[in-house]
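*Asks:* Taken from TrEMBL, the feature transmembrane segment applies to A:12-34, A:55-73, A:79-98, A:119-142, A:162-186, A:198-222, A:234-253, A:260-279, A:299-322.
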Amino acid sequence: MSLEILGITVLWTFLYGYLIVASIDFGAGFFSFYCKVKKEDHLVNSIIERYLSPVWEVTNVFLVFFFVGLIGFFPSTAYYYGTALLVPGSIALVLLSLRGSFYAFAHYGVRNSMLYTGVYGLTGLFIPASLATVLTISEGGFIRETNGLVEFLSDQLLKSPYAWSVVILAIVSILFISASFLTYYADKAKDRKSTVIFHKYAIMWSLPTIFASMLVFFAIYQHNPEHFQNMLDISWLFLLSLASFLVALALLLKKKHYGWAFVMVMLQFAFAFYGYGISHLPYLLYPYITISDSINSPVMGKALVTGFIVGLCLLIPSLYLLMKMFLFDVKYVQGKEKAVQR
Amino acid sequence: MENVMYARILTSLTLGFHIIFAVLGVGIPVLISIAEWLGIRKKDPRYTQMAKRWSKGFTVTVAVGVVTGTCIGLQLSLLWPSFMKTAGEAIALPLFLETFAFFFEAIFLGVYLYTWNRFKNPYLHWAFSIPVIIGSTASAFFIMTVNAFMNAPQGFSLENGSIVAIEPLQAMFNAATPSKAGHMIFSSYATSAFVLAALAAYKLLRGNATAYYKKALQLTLSLALIFSLGTALWGDIAGKYLAKHQPEKLAAAEWHFETKGEAELIFGGVLDEETHEIKYALRLPYALSVLATNTLDGEVKGLNEVPEDLRPPLFIHYLFDGMVAIGGYMIIVPVWYFVRKKWLKKEASPWELMFIIGGAPLAMLAIELGWIFTEIGRQPWILVGYMKTTHAVTSATNVGEMLALFSLLYLFLAVVSTSILLRIYKQPVVMDKVYPSVTGGESR
């Protein structure tokens, strides 16, 4: 495997990891806000909190890892995206900061205010929308380079149907991913009432994810036919994604095996996400950056890969430990764990 | 030109705000860990309480540290895209490793904070503090290697404007790395110890003279002393590094114009920039030669040998002196406390307590001064000898608006986090029953 393929695969995998854990987090924030508006919050909040408390910081790291790794493996991305994303990137940063710090602040009583829950819930929708815009920009047409000067065409972006279809897909997806995970988590905690609520949300947001995906397909066809053609070449990945979705939906409708249902949802997104990524290659930014001309020197690449392997040897056992303690420990999940005296 | 100024202000604002929380994030885990260990070892629940109370506040500071750290991580690319492209080519390794260290820390911090009393053997819980310390200190180390690289770039060569012959490890372990990393890590530990000492001192000053606060004061001050001594010692190493590799920075910091041996160290004073005449300064004979070379007659390069357009601004002299003076204060105050306590058998007097309380903001100020000194002292370069700051800045407009946006964000974060930390601080120390978990208990 060449260095550039290895690099982008690692990065894409971390971005996928972020997609899943952050979706759970963002969606959970929104649901907790929504339930508060509907005055059902007492039912679901304990479930949401018990899961999120130990892991929120870890969620953030996936994102940091992705962009630091991107600059390491493909330094030119810093130049193009850095210049283009000043405003949208800054806005996303402010939202992420508000959300991240509010989460910790919330433990000391701020949570009961409507304003707080509102900010927390709505940033959960705006952040993925603004982050997804980066993927939109990568399709080309929104960055122009003239005489070495990189310029971001924000008007084009705001007028682009493709950009909006991606935003819709992002929002719908996080709600679906989050609801299907929380259904599983609440079920595991034997919290009947919460399970019913989250199950309802999961069903509600299931079909819209497929419609939104179709919309994006259509919009890509309009916006970047070359990419669309590449997608058709590996259409089996997208069909597998659809198949995973159907299995997940069937399990959800049958109200059993919520754990497997969530695994299928993860697969649904994995197939679609990797399918999108593979067909996007070799471009990192149409038409300016490809993985082969922006890849860092082999020496640095080798150093990064070595560092990555050493890092993984530390991370995987630690992540396993974290999951074992908070995700798969039935006593903790049910809130019976003595340590969690709340 | 305007863009450069705004971008520099925004970067310094983010760093200046982030560093407060980063310093606590690196230092406080060490203190928490030591306190918890003492609590188990001495079977004294007071130390355990210290560890618990500190970790409670720590969750708040660490949250702000994480989000502002994410900000600076991305802002570097947003504001200095050309620099980050070069940095990506030459110094990507430690940046990448830092995310691993941070990841590692985040995971174990989660485990540590949410597993008090979960294990039968208390040492097991304590053991989870070790990876947190390793993760946070390693983060500091990796980030410092990048900053060191900006000061002493090496491990690559430049051919026709592109970077070739890259040696990642050489770039990472450059000449500035040992002095910078060591000085920063020790000063983080020392500052954190002083901040926690001030919290105990304030309660004692208000008449809350319980054994808990007395023990907290003694523990934090003894650590503050050790770490402050380490900081000073490493400051000396940093001085020698500057003399050898960045003489213009040392010369500007010391208002040292003529290259000569037996150089005197100038403290404070007023400079006439035309005549280079210095008034009202305290002059320590030979001290600069000693700082720079460890000998009384060592030659120290003067600023006159540096072309005028490559000289750092001369006001950094005050930043440097301020940092050094506070460093001295951070040693004298704990020494005074221990001398009185050990030999005169006296508890801390109100005056002493006030000096200890003052040590916390002063220590933070010294951190800021040191950072501003090292950043301004590197000017006009962003990458010494290779890239000037003016050439690295983004060509995007709207930097001014982003500056306003982030100023509001930091102001907001400062107000909210302060009020929450105060709330935590005001909660009484509960010793006899099991303390609520560090997450607080709002709904149950």
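Each residue, glycine too, has its Cβ placed from N, Cα and C.
Note that the coordinates shown come from a computational prediction; the quantities given were computed from them, not determined experimentally.
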*Asks:* Taking 3+ C-beta pairs under 8 angstroms (sequence gap of 6 or more) as contact, is the transmembrane segment (A:299-322) in contact with the transmembrane segment (A:12-34)?
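*Replies:* Output no: the transmembrane segment (A:299-322) is apart from the transmembrane segment (A:12-34).
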*Asks:* May I ask whether the transmembrane segment (A:119-142) has at least three C-beta pairs under 8 Å with the transmembrane segment (A:12-34), counting pairs 6 or more apart in sequence?
*Replies:* yes
*Asks:* Near the transmembrane segment (A:119-142), which same-chain residues lie under 8 Å Cβ to Cβ, leaving out any that are not at least 6 residues past its ends?
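*Replies:* Sequence-distant neighbours of the transmembrane segment (A:119-142): 22-23, 25-34, 36, 63, 81, 84-85, 88, 91-92, 95-96, 98-99, 102-103, 106, 152-154, 156-157, 160, 162-163, 166-167, 169-171, 173-174, 220, 223-224, 227, 280, 283-288.
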*Asks:* Counting Cβ pairs closer than 8 Å, which of A:55-73, A:79-98, A:198-222, A:260-279 has the most of them with the transmembrane segment (A:234-253)?
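*Replies:* Ranked by Cβ pairs under 8 Å, first place goes to A:260-279.
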